[in-house]
Each structure stands twice: as C-alpha cells, then as structure tokens.
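So that you can see what the record holds, here are the features copied from TrEMBL:
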type	residues	note
SIGNAL	A:1-22	signal peptide
DISULFID	A:26-A:41	disulfide bond
DOMAIN	A:55-201	domain 'Cupin type-1'
BINDING	A:103, A:105, A:110, A:149	Mn(2+) binding site
BINDING	A:105, A:110	oxalate binding site
C-alpha cells in the first residue's frame, strides 16, 4: 500500500512544484512591484487562509460629517486574496439624512444591496438620461462602469448597504473633492463648468481646496 | 438664449445618435442571440431604470430539505442591466444545521459576507490544501475561480450570507448532482472515483440519478 | 502548370470558406444586434475598402457657442471597420478662448496631440491631484480611463488637436450636461454636490435642464 | 422521499432555466450573426456531444504540390464547441522535402509537436533575430503571436505535426499568396519590397496573381 | 552603399531599443515575481531559441498505479516561451484499463486528440447533462472550462492522447485527491457530499488523506 | 469648520493610502521587471504630469534613404503614462516618392490620419484580398491587427500622417528586414518563398543580411 500511495502522490504532485500554487490564485504581495494586472503574487508557501478573509463589514466605516455617509472597503488592499480576481465588496452606511455625493468609479461597475431603510439611488448616462429609483430592504441597483451616480437616505432610519464592484480595487472620483478639494485653479473651474466664481470660492472653503 | 441652447444641444447630441447609448451599458435582450460575450443588447430606447433593479434579496430562496440551504440569485438572468458587466450578487441562507454541498463555479470567483450567525467556509486548492475558516457576522471569505468549496452552519441560528461573483451569470457545478443526479453510468463513477458500487447506488437513490 | 496552381489554390483556399474572413476583422453591421463585445459582423462578402475609410478629419466639427469648442469623431459609428478593434480617433478644435468643459470617458483612455496653437490640458486623479500641462504644437497628453479632465486654449490662435481613444466608440460624460441639462432634481443636485440652489437654477437655464 | 427529491430538484434546477446552459459553453450557431467575440450561441437544448467532437486528425489534409505540405484544421469552423474558448488544434503533414512557406497568424500564437521525422522550425522576431531549431519526435516549438515563421522537413521521412493555436479560428497570412496570388499591383510589390520586377512576374505566374 | 545601409539600420533600429523585444514575447523569468498576468519577463537579450523548445512529449509520463494513467506537461513551467500566451500542451497516456479520474481545470478549457487506441471521454455540464463519446485515432474532444470530466481506455491497447489547454499553466483539481488526499475533515466530507463515513474512511486510506 | 474639513478629509482619504494611486494609472517603471501585462508601475508618489506628456510629434523622425519614409513613436517607451492603457500614437512622414515597405504589427491594429498630401494605403487580408485606397488630407484608414500593409506617397508633396495603434508599444515586423536583414539562411528564404537565389543575394546586399 505504501508504494501505491507513493505512486499516486508522485504522479500528481509532479504537477505541483515550481510555483504551481500561483495558478489557483495570486495573493497580493504588497512589498513587490505592481503591474497593470495588479499586485505581484505572494510566495504560495506563505499563503494562509487569512489571506482570503476580512473582518468588520458588520460595522459602519467612519462617517463624513457633511454627508452623513460612511464607507468601509474589502478590496485587494484589505483582502490580499482578491488580487487579480476582478471584483470586491464594501459596506456603505447612510445615517438619517445621508447623501452619497455624486461620484464615479473610473474602473468599476457597482451593484448595491439595501439591507435596511429606504434609499434612492441614481446614475446619469452619457446621454444625460437619469436612471433613479427608490429602493427598500432587499432591493439591488446596478451602476455601469464610469458613470456618475449618487444616493440619499430618504427614510427616517439608518440604511446599511452592501456594495459590490467589478474591480479588485475600485477607484473613486468624487465630483466635489475633484473640483473643490484639489488645487485646481478657481478660474479653470469657473470656465470649464460655468459654476460662478463666488460659488467656487464658497465650495473650496467647505472642502478645503486651494488654487 | 434659445439658439445658444440649441447649439449646445446640437454640438453634444451629435455624439449620441446611432445606438450610442449601448456604449454605457448593454442591457440583456433575452429574445436575441447570445454570444461568447453575453446576451445581445436591448434597444437603448427601451431601457428603463427597472432594467438595473432587482427586488427580493431580503428574503431567502427555496431551501433544500436535504442540505437545509437556500439560494437566491441576482444575475443577468434576473437583472438584465448586469449583462456584460462581469459580476453579480446572490443571497445564501443557512438554516440551523445547513450544509452547502461541495461545488465549484467554473467561470467565477466568489466572495461571501456573513450577515449573521456562524458559518464555516472552506475551499480546496489544486494542491489539495484546504483553506477553511469559521466566520461570524461581518466576516468575508474569498474563493478563487473554479475551485471546490463548501460551507456549513456551525451555530445555533440561521445564517444569511450575501454572495458576490465575478461573472454576470455564474455557473455552478455541484459534486453530488453531477455524479448522482446525472445519468452518468454507475460503473464510470466507480472506476473514476473509486467510490464503491453500493455507495453509488445509495447516493443515486437520494439524488435521483439514473445510468 | 494549371493543375499545380489549382492545387496551391485548393490547398490554401480550403481554409477560407465558411465565414473565415470574419477572423481578420468584424466590420460593423448596424442593422444586426449588438453584444457586449460590439456590433455584429457584416457579411464578409459585402465588406469593401470603404468600410475601413473615413473622410473629413481635416475640417472642424460644429462648435459650441458657449465653449467655442468643436469635436468630430471617427469611431465605429462612422467607421465600421473599427468595430471590435478597441480604439478610435477624433478631432477637437479650440477656437480662441475655447474651453473643453470637464468630462470623463467611462470606457476609454485618451491621448491628445496638439497640431497647432497653445492648449492647456489637465486631468484630476482620484486622490484629487491635478495633472496639468501647457502644450504646444507636437505635444501629446495622456488621460487615463474614466478620470475627469478639461482643456482650454490659452493662446491667441485656433488650436486643432487630434485625439485617440482606447475604445472603438468612446462614451463621454460631461459634468455640466449630466447635472444641468438632465432632468436631475435640483434638490438632488444641491444636496449631492452642495452647489447652491440659486446657482443650480442659473446653470439649468443655461444648459436647458429640467427637474 | 419523493417530495424530498422534488425539493432537491427544484432548489437547484431553479438556477438552470432561461438559457443558463449557455454559461458553460457557447456552441457556434453558424446561421446567426457573429460578433467580435465569436459566433452566436446555439440553442442549448439542441447541443449534443457531437458539437464537441471532430474526427479525422489521424489523416493528412490535401497537400500542396509546390510545398509538399498539407494542413487539416480543427477550429470552431469544424468543431462548433470550440466557439469562444480561445484555442484550437490542427494537423500539419510534411512530405519528404516539404516546406511550410513563410506565414504569420495575425491573431494567434502557435505550438507545434512533432510526432515523427525531423523538422526545422523557425520564427523571426521584430528585431530580425531568427529563432530556429531542428526538432525530432516529441519536440515542441512555440511561435509567439503574429510573427513570421516557417518550417521544413530536413529528414528522409514524412513528418506529421500536431499544431495548437491560441485562437478558436486562427487566421493565416501566407507571404507568397499575399504578394503573388492577390491582385496587388506589381509595381506596388516592387516598390514596397524591392523585389525585382522580373522576379515578381515569375512568382505571380507560379501563384496565380494578377494586378 | 555603406551610408545607405547605415540609414536603413538606424531608421528601423531606433524602434528596437529599450526592452522592445519584450513586445513580441515575455519569456518567463522564474526568479522574478509573478503577477496575475503570469511570470515576469526574462531580459530579452538573454532569450534563446531554447526558451521556445521543449523535448520529450514522445514519451509517456510516470503512470499512476491505481489509475494506470500518466501525464506529461509542456506548460510555461517547462517551456518558458509560453508565458503570457494563454495556451499549452500535454500528453496523456492510457494503459489498458486506464481511467482518468474525475477532475476539472479551474482556469482552462481542454482539447484532446487521440493518437491511437479507443478512449471514452466525457464531461458533465452544470445542469448535470453528461456529454460522453467513444473516440478512436484521429478524434478530438473538447471540454469547456472548469467542468468535471473523465476518460477511460475501453480498448485492448495503450492509448496516447495529445492534450491542449487554454492556459499557459492549467490548474487541475482531482475530485479524489481534493476529498481523500487532503486534510479535509471526514465529517465535513460526509455532510457536504453524503458519501458514507465508512466509505470516506476507506478512500482516505487509499489516497492518503488525513483529517 | 476645521474639524468638519478634517472629517471629510479622513473619510475619503482613508481610501487612498497603500498604493491606491496605482488604480488610476500604472506609469511605467523601466527599471523594474515587465510582465505579460506591461511594465511594472512606478511608485505613485513619484509620478508627475511629465509622465503623461511627450513632445516632438510636430517634427518628422529620421528618414530612410531607401524608402524616403520616417517614423516617430509616442509609445510607452517614450511616454510612461501609456503603460497598461493599450494604445499609443506615432507620426509617419512621407517624402515625395516615399514608400512604407510591407510590414505587419503582430499585436496591434492601426489607424492612420493623413494631415496633408496624397497617400495610398493598402492592406492584404488573409484570403489575399487587397483593400487599397488613395487618401487625401483628413482621410482615415484602418488596418486590422497583424495583417500586412503598405503605403506610398503618390503626390508631389511631402505627406505627414498621424498613426494610432491599439497597443501601448506596438511591435512591427518589416518583410524586407525580416528576410533580408536577418541571418536567415538564403536557402531557407528561397525554399520558403520561392524568391530566386540571385534575387535573395541582391536584396541581402541592400539590407545588410547575412546567413
């Protein structure tokens, strides 16, 4: 029996030497270089189950005082086993009165599932059509890649939302921060959006922009 | 002012004729042919916000009496706006004592978020290493594409789980159903798995297989 | 010699029956369904050289009176041979004083080549860093996919610019039109951007928005 | 037991309605439109095992009298189950003295396995380095996508070769046929290759070109 | 003539400095980090023709005593020139009575060509339909990505088979080894497959599993 | 107000630590390893706007004395911000009488825009059909990936042409250089193209080939 098992072992294991583990997955090695396809792969012999586990999506992330909205991410930055898999998860929490300011994910589509409360989601297509819907518990909303979208809590209770992305580390560009927190020159903002100079000044003060 | 608006309109709208909407998204037209890249696109002029909305992920799907496990899917079959976006969502419900039988998704990685209860998740890599972890509320678990995995409720309470997939319509292959519900000849099963003939007969009776 | 040629012919031509032409290219058939991968392919026997040719990029497109900026596109809508190839070209013309309003391409990176004049280009990364540069004749500027960007003519002369995209039919989302030409409710705009209600009203009047 | 089986059935089968089969595969429907991603998918209910089977790669294809070389293809044209899978197989047969004329596959890399005989394979990289090797039975040779390559039988016996491609329907462009069998004007050939006018005339006579 | 050649040289070679070779191919550098897209590229100046050649597919690999089946691989682990090309080759040898145990390739479709003998191939789709066929010399069989499949020699003679994969380094997950050679707890196996505890014990003894 | 801004900052910036910049772009780090997906990414903190800018496409590249044709490239070798974006630009200059010798881009489709003059472009499909057209100022011509193509100035004036590619660093294989500048053995050229031995000798003298 020993030799039989030996042969079974040697027959199949011969396929599993030489970095073969990396074919099932490419756990992120944050210390090595990144490439356009993602992080370098961690040495397979050092991968553990914890590389595939993340904890804490039961608790809301820190909330913005202005928008009353918090976000917590389980992307390949927090969850190295997601590297190269092309999707990730997060949790958004809407306090009463919360608004998710208009933003876009340049490299990801988004799917949101309302766990509780009443939230309105909307996105704007490139022909300026608005696709907006009021959602309740159990409802799901899809935002195609790169399009501006927003959401707000229209109920009386907090609304937790689970969010999926079609990227292992979705990028996010917030309209207000891009314009009014950056050092984009006020005159450029005014001329390229027609938002009035006074309004730009007011918004830069709120968001901390310079320029 | 009228003509000014007219010019703005005509300048930009000239880019939005001729099926241009289909560039933001390709909502599934179930009546037209499929291609390797997914469903054909619905006529953009007939797309509504409801193509991006799905309801009912707050309620468990029908449960299997054997495995005490239910699943409800929000894939591009139920949610046409997901077509071509490469990801989807679902909801798994573990009753007390539930087991998710060993299965694989040939075309998708999976990410699971435990909403409540205590669930053990595991997957088996191609070098036969088992990556298994006991999860509680707020924990997330990643299963790389195509690998066999399983889960079971080890707590005393029902456990709802949100599941994300890196495919708009993940395929699922259940070990037991593939072997014991199909018409795969018993002798083939026995010789290609070494599971005993009597055991195969017993399992075919449970799962309804022929052959 | 005849039979020799015949054999050469039959040997190789046997590989070119049965839609084989479609492997070199997939010229757009605008009448057939689209899929997530693009337009259906035209019958190869009806493809001509004109499917690969477009004329008119020597002349500016219609210009916006507000922004003094015109654009003409050579995408797979105008040039069916581009279908499935994943890139396209266009021509932007900046009159004196022209501004390209802030916008993003949800599905394409952009590369611009200044043919004449003096144009400042800028994009904003998702960490709100502004990458801006003043360009002259012969300079090239790259904008990564999905990020907000803008440009303006800072010279005294018209500036023609050739633009390449990493999409056969790039989508474009203009900030002002998305917000102020759509029917997005003014209150939603105000709460999700903090732009004041009066300013929103003023901008909706300029761009023709409702809601 | 009946109801138990019923529940098992209904739980899982609920995932397999509505074209779900097409997720495992997309068997080519030659009558429906093609897209950049390949052929449309055949109605899954009409798919049989024969869509995944091809016969005849044990016999050589018709041979060219000039080059003493035959080829038989198992691509998605002959084997509809290959559609969308991104690879295919073929068989090349070298008679004694055979030469595979210089050609390239615009959309595929190639891997060749010599079953018998002695064959020299070579490809030319874009820096004009020649990578050439004499192969015998059991040897494998890789040609990266799109590069010109050639082979010849340097032994005394016929040499059968199995060839794999990284495309479901590899395209092939033969130098001689492109230049001397097409209707490319002789003067264009001469000026764009510097091959002498007399030589072009001679080669057009051999390959049947006009122009 | 010298200066003329010089100009030709300098004109074109200016395009081939600075790692330009890496564009034709990315030969695996096993010492450098891997990424989700594969191995790092070897310094182009050190690439030789031998990076594109592999020998020994004329001889069977070591055979399993249990299954009477051997496999030899020409993947990017053995053939560094395959790195990044997305396909590979192998050789399977069926002794008389051989069985290829049920397995799946999580990241690759498979195409098999029977060189001799009589072999039955089968795969199971995710709707539990079995696609099975008896093949002889010259027959080809396709298994779509990630689906469980098996094969057995039903003839009286050895059967060599050439196998192609749509991955440069296909992963393989064998049902028996995943369950009965791993340290997966017996109780988990029993509950997640319903295979009886005694049978699990017997199979673990055969395959050497623990847990 | 201070604390309010602080909260806004911390809420959003928490998403932008840990290499997050690399999600918007992956600027080439020429000193680090390449992968099949491109160059490694430069440390985001060292990226500047100059990584996205290239100058000099207003001036022709060095011209070949034989073909009277010059080319200047703005690929990811010259413009590190293009890394991973999948497209690039270049400039071709046709002197009077210029010919672009027959060549192919193994990994890229091409789109050409004539800025001035009169240029004929052509490509040859794999069924040996020639697609050729005489273009003037403002005309655009598409060449699908990997196909042989050529161009010549048929006018009396120089013709500058802007060229786009569907690759960040397009490879180029010139027929004449591959055959007559390499060390490909003359006998191999003769037998694999049927070009006469004398002609091969003459052409090798022109292009500097050995072998």
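Keep in mind that glycine also has a Cβ here, set from the backbone N, Cα and C atoms.
In TrEMBL, annotation is done automatically, which means it is predicted and not curated.
Since the structure is predicted, the reported quantities are computational estimates derived from the model, not experimental observations.
With a 10 A radius on its CB, residue A:103 (Mn(2+) binding site) counts 18 other CB atoms from all the protein chains. One residue stands out among the binding-site residues A:105, A:149 for having the most other Cβ atoms within 10 Å of its Cβ: A:105. A gap of 25 Å separates the Cα atoms of residue A:41 (disulfide bond) and residue A:105 (Mn(2+) binding site). If you take the Cα of residue A:110 (Mn(2+) binding site) and the Cα of residue A:26 (disulfide bond), they are about 23 angstrom apart, rounded to a whole number. Summarising the environment of residue A:26 (disulfide bond), the number of other Cβ atoms within 10 Å of its Cβ, over all protein chains shown, is 30. A mean pLDDT of 96 is what the model gives for the domain 'Cupin type-1' (A:55-201).
Per DSSP, the secondary structure of the domain 'Cupin type-1' (A:55-201) breaks down as 22 helix, 57 strand, 68 coil.
The Mn(2+) site, placed at the center of the C-beta atoms of A:103, A:105, A:110, A:149, has further neighbours from the same chain whose C-beta lies within 8 angstroms: A:104, A:108, A:123, A:143, A:147, A:148, A:172.
Between residue A:149 (Mn(2+) binding site) and residue A:26 (disulfide bond), the C-alpha separation comes to 32 Å. All protein chains included, residue A:41 (disulfide bond) registers 26 other Cβ atoms within 10 Å of its own Cβ. Between the C-alpha atoms of residue A:26 (disulfide bond) and residue A:103 (Mn(2+) binding site), the distance comes to 30 Å. A sphere of 10 angstroms centred on the C-beta of residue A:110 (Mn(2+) binding site) encloses 25 other C-beta atoms. According to DSSP, residue A:41 (disulfide bond) sits within a strand segment.
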